[in-house]
Structure formats: structure tokens, C-alpha cells
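S.K.: Before I ask anything, let me first share the structure, which is written out below as C-alpha cells.
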Amino acid sequence: MTFLTKTGLAAVLVAGSVTAASAFTACQVTDTGGIDDAGFNQTAWKGVQDSMAEYGIEGRFLESQAEADYEANLNSLLGGACDVIITVGFLMGDATATSAAANPDQKYSIVDYAYDPTIPNVVGQVYATDQAAFLAGYLAAGMTETGVLGTFGGINIPPVTVFMDGFVHGANHYNSVHGTDVTVLGWNPESQEGLFTGNFDSLDDGRAFAQNLYDEGADIIMPVAGPVGLGSASLANELGTDELKIIGVDADQTQTDPDRAHVYLTSVLKRMDATVQAVIKAAMDDTFEGGLIVGTLENGGVGLAPFHSFEDAVPAELKAEIEEIKAAIIDGSLTIGG
Amino acid sequence: MSAVTTDTSAEKIASAKARQARITGGILIGLSLLVLFLLDVAASEVATFKLSRPRDAWVLPDLVVPGAFNTIAAALLAFLGVRQFLRGGGRWTSLSLGIGIALVIMAFLVWATAGKSFSLTGMLQATMVRAVPIALGGLAGVLSERVAVINIAIEGMLLAGAFTGALMGSLLGGWGGLVMAVLVGGMFGMILAALVVTFRMDQIIAGVVINLFVLGLTSYVTSQVFAEHRYLNNAEIFRSWKIPILGDIPVLGPTLFNQNIFVYGALILVAVATYYLFHTKGGLRARAVGEHPRAADTLGVDVYFTRYLHVTLAGMVAGFGGAWFTLGSVGRFDENMTGGRGFIGLAAMIFGRWHPVGALSAALIFGFADSLQQKLALLNTPIPSEFLAMAPYIATIIVVAGLIGKARPPAADGRPYVKE
């Protein structure tokens, strides 16, 4: 029943944004977090918005309210209205592959999924997020006062856990360089098990999970669960940043969550806007080719956001070390988890 | 079944009791084996439970439990089980089972924590916090079902309360938001009452309709209006307020006396509702309307008014519970953020045998399973995280399906009353 109403609602949204079919149109299907999730989906949508502004194309989006909506949303975009369909999220991998196989002339691109073997009409956009998260883990290990860091995820899937992997390895690297004993709660890279809310939309879970980690001594937490992390930011705001700081993910969350900008130590950037825009450009120029785009520290597809209000609090030596590590990762002299 | 047809009813009851005692005994012996073999902890390992947090006024030392605890627990379980099996009496059956389950949970915690530590106080505090919306949802269910109106709409009322709390809290401040959330919850209660009392609509369908309406409306406004105008969805939250002295008591203080007004409110409402329903004239009349509306009507109780009043009150309680999601937790509304907590509240009501205190206890069990699940994920137990996330719901199913014994809903529950 929920599904029916929500699909009905989605249909209304589409009807509202249908425009002339003559111009180049890029269509996007979001994951369940919603287009205004201050992170993942919003960043991917920004790629379409930027393209609209720069190339004068049309852009449309459909929100998936539940996983059952993926296929229905994809089907409703077929029929020649969209020049390229961009699906956002690992969970949409199967639905996108099915739709792409059934419609070989339609161009597709998916964020956070790499097909093996590749599909000729799909571009997968993936990110070496662990590189950027490694820097965040190193930074957090250098900034913690309690010696305990925390992280939790939405669902145990690779695009989420790659953040957590990098974060833990970064903190461990700090330990081996400085001889410290900083621990990270909430993720075990060996067993690939950890703390997960099981959803990407219950903000209250974000607060409860952050409280849990805080009770165990964590003073810097990286939530990797889309808008759920906003609940964690709310707790940090209440406790004060001396007690608890948050590391944002996907977008620079000081920009997407301006009301609580002061709680974000930094953000692990995953520039989905850049890769989405690159795919749209390729589709417009007829250079579109199925395969893979990988965002790395080197090509700017992933990165660390500025420290904003913590600019003065982060010691200069730590900043310099992070720059060195970044260079070492780019030139390959430092491998993550190695 | 046919073999016992010659028994007198007294013998039947006695044999049923004996059978129940034997079943309980069997379960306890099974649990004992489970603890002995699956939850075996080396005697040299210790589990550390932190009772105090660094900033507490009175610091208690950590509670250190040696691994031998589990062996002792298994022995105790076996003793209880054998005792039940051989000479179980009705009075001891549920008590033994209760003690047994508590022992198993403790043994499980010791097993999961062996060689590590976690904050027991933090877990208990989280238990309380996570139980609040469920307890309030359950209380709303109790209030309306006691006057024989099945309230499936609790989920929608919670969501409406959460939405109103965020919107009005942003415009009018926390207290204004709270009052409006309660009023809007009450409004939906009154709508439900109108549908089922005046128009005698099917009560389940009326509830589902309200749920879907609230979900659709709030989701629409969130994605269309809040996304553009952020200031409408940025409410000040009620911070926790520590009761002087009581709040400094170790373990108990942070759990009960250093919380926000929603936790205090839920506890007070449960106490008031219990007193009202079972110790006042109004409560007696309300229950009479739920059990036998015709008799109540004959004696001069206005059945329709009583139902309207209590379903509206139930809506107000649910509205208060809904405001917890936004004003008591994260200060911002998000689509479907109540996530089915209203339905868990209904389950809590049934488990609590249509009694406010029972509903609160059931909500606490759910809250405990929920916070336990989070702690276990941190302790790196070999149990997969997906399974841990199911724990609260498994607990709900077990308590509702298996352990409630004979719970009886109000006799007229779900039936419209037609005045002659």
C-alpha cells in the first residue's frame, strides 16, 4: 500500500517536470534517500544541474521511495524521452542491468556500480573512496582526544564499507607513524563486519548510533549512511564540538547541512557530480562508450573537503602530513591496507 | 485430546498446568545446554561492563564478570529446569521462566563481552530513549482500544506529530511545536473517531486510510516545500534536563533522571493513564464502554462521547510521541521517519495486555533489544550485522506470539455501537 501511494506521488513529480523532448535530456533515478538528502543523491543530481546550466540540456529526476520502485521508475523513463538515464546507487545495479539488456539502444550510466563484464550501453561510475577516507582517518586519529574514533554505515555494501575501510586503515597508519594507540569502533576490515543502521532514512537511528559510539568514548564519528548522518550531526550539535565532531561523507556537508556546519571536522568527498557531468558530456558528444569511470585522488574524483571552522584547530604539521600522504597515494608509493 | 474426555474439568486444569510446567522445565534445560555449549567462555577471560562515564559525579568501578559466570548460569538453569520438570507448580512456572530468560541474556552478554568492555549505563540509557515512541504509541493504543476502537492509525498519528513538531517547532519554537503536535495528533484522533463512531466505517480500513494520507501528505510537503525552504524544517530540540541529585546516581541517574521531557512525559503519562483507567469513575466508565457498551448505555454513560473523547486523547498522546522524533531527537523531519514504530507500539500494547504499564514494559524490551543490537555490533561478535538488526523485531514476535499467555482484548473491541 505504501508502495502504491509513493509511486503515485513519484508519478506526480514526473508529470510536473516533463518538458519538450526535442532538447537533450538527462534523467536520473535516485536511491531511497531522496533528492534532498544533503549527500549522496543530492551530489549526483548536482552533476545533472551543472550540466543543465553549462550545456543547456534538460534534466529530470525520479525519486525511489522503496527498493521496489527501481524497476518501475526505470520503465517509466523509457520510450525515447531520455537521452541518457543515470541511476544512483549500488542497490540499483540489478535493475539497471536488466533494463539496459532489454533496451540496447538506450544509454545508461550508474553511480557506484561496476559491471563485470561491462555492458556496452552502460557506464559504471565508481570511486576509490578509500583513498579519501584514508586521509580522513589519519586526520581524525591526529585530532582525537580520547583515542577512540567511531564509524557506522547504512547497509553493508561495498560503496559504504569502502569509506569505513579507508577510515580504519588511515587511523592505523597514523598509529604506525606516531606510535599511538587510536582505535576505531564500528568496523572491522578483516571480518568485514561492523555497525549498520540497516537503512538510509531514519535520522533518529543516526543520533542513537552516534550516542552509542560516544558512550564508548568516541569523539570523532564518520557516519556513512546518507541523511542518517544528519541525526549524528544533531547529537554533536547538542553535545558541543569539544565532545563530538562529525566527518561528513559524499558532499562537503558544511554546504549541504549549513545549519550545523560547525560540527563537521571535514568531509570525505565523492565527486559524483563531476563523473555524472562527464558522462552527460560524453553522451552529448557521441563519445559515449560502455565501461567504467573511476574517481581517484589523482583525478579529483574523490578528496577531502576544507576544514572550515576547524581550520585553526588542525595543527599545521598534521596538515602537512596529510598532503604528503595524499601525494604518496597518488604516486603509488603508499597502498591502502597494505 | 479425545483420551481425556472423561476427566473432570478440575483434573483437566491440573493436567494442563502440569504439562505447562513440564514444557517450561524442558525449555529451561534446553537453555542450560545452550549456555553450556554455545556460550562457553574460558574461565580466565573476564567481561567488563562500564557503569560510569568519565563525566559522572559519582564514579563506580567497572563491573568485571569472570567467564565462570556462564558455567554457574548453566547450572542454575539446569536446576530450575529439573525442578520444574519434576514438581513444577503453576505459581513457579512463569517466575522460573522469567529468571531463566534473564540468566540467558546475562550469559549472552558475558559471552559477547568476554575480553572486551562496553558501557552498560549507555546501553540502559539508550534502552529508555528508544522505548519512548513505542511506549507512547502503545499507550495511545490502550486508550482507544479500552473504549473498543481499534487504532491502526497510531503510525500515522506519530508521523503527523513528528511533522508538525518540525514545522511548528521551526516557526514557533520548541514548546509551540510540541503543543501543535499534540493538537494535530488529537485532530487525527478525532477524525478516526468520526469515521468509526459516527460513520461506523470499518476500523482497520479507517486506520490504514489515515496512515496513508499522513504519509503521502508529509512526504509531498517534505520533498516539495522543505527541500526549498530549509528554515521550515530546522527546529530547536529539547535537550536532556538533569534532575538535581537524582541525576547523579550511578547507572540509574543517567537512565531515568537525565533525559529530555519526552522520557519524563512518557513515564508520567503511563502513571496517569493507569490511575485514570483503573482507579477513577471516568476510567471505569471508559472500560465499561469497551466491554459492554449496551450495558454502559443503559446505565446512562454516553457511549459515543466516551469513544470520541478517548480516541482523541489517544491521538494527542501519539502526537506527543511523534514530536519526540523531531523535537526530542534530531530537529528535522524526513519522509517516513517514524519507520513503523507505531505498529511496534500496537504490538507492545497487546503484549502489555491492554495495560499502560504493560505497554511500557514491552516497549522497554524492544528498546533493550535495539540498544543491545548496537552494542553487539561494536563488540565484533561472530553474528552477522543483518541478523543483529533483526533482533528487536524477533524480540517483538517472541513476546507477542509466545509469552503473553492468555491476553484478552476488551470484549467489544472493533465493533461499532448502534444506539437503539
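Just so you know, glycine gets a Cβ as well, placed from its N, Cα and C.
Straight from TrEMBL, here's the annotation block:
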type: TRANSMEM; residues: B:21-43; note: transmembrane segment
type: TRANSMEM; residues: B:63-82; note: transmembrane segment
type: TRANSMEM; residues: B:94-114; note: transmembrane segment
type: TRANSMEM; residues: B:120-142; note: transmembrane segment
type: TRANSMEM; residues: B:149-169; note: transmembrane segment
type: TRANSMEM; residues: B:175-197; note: transmembrane segment
type: TRANSMEM; residues: B:204-222; note: transmembrane segment
type: TRANSMEM; residues: B:261-278; note: transmembrane segment
type: TRANSMEM; residues: B:342-367; note: transmembrane segment
type: TRANSMEM; residues: B:387-405; note: transmembrane segment
S.K.: Okay, the transmembrane segment (B:261-278) and the transmembrane segment (B:94-114): do they have at least three CB pairs under 8 Å, pairs separated by 6 or more?
M.R.: no
S.K.: If you count every Cβ pair below 8 Å, which range out of B:21-43, B:63-82, B:204-222, B:261-278, B:342-367 shares the most with the transmembrane segment (B:120-142)?
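M.R.: It is B:342-367 that shares the most Cβ pairs under 8 Å with the transmembrane segment (B:120-142).
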S.K.: If we skip the immediate neighbours and take only residues 6+ beyond the ends of the transmembrane segment (B:63-82), which ones have a Cβ under 8 Å from one of its Cβ atoms?
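M.R.: Same-chain contacts beyond the ends: 24-33, 35-36, 39-51, 96, 99-100, 103-104, 106-107, 110-111, 114, 120.
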S.K.: Under 8 Å, at least 3 Cβ pairs, sequence separation 6 or more: does that hold for the transmembrane segment (B:342-367) versus the transmembrane segment (B:21-43)?
M.R.: no
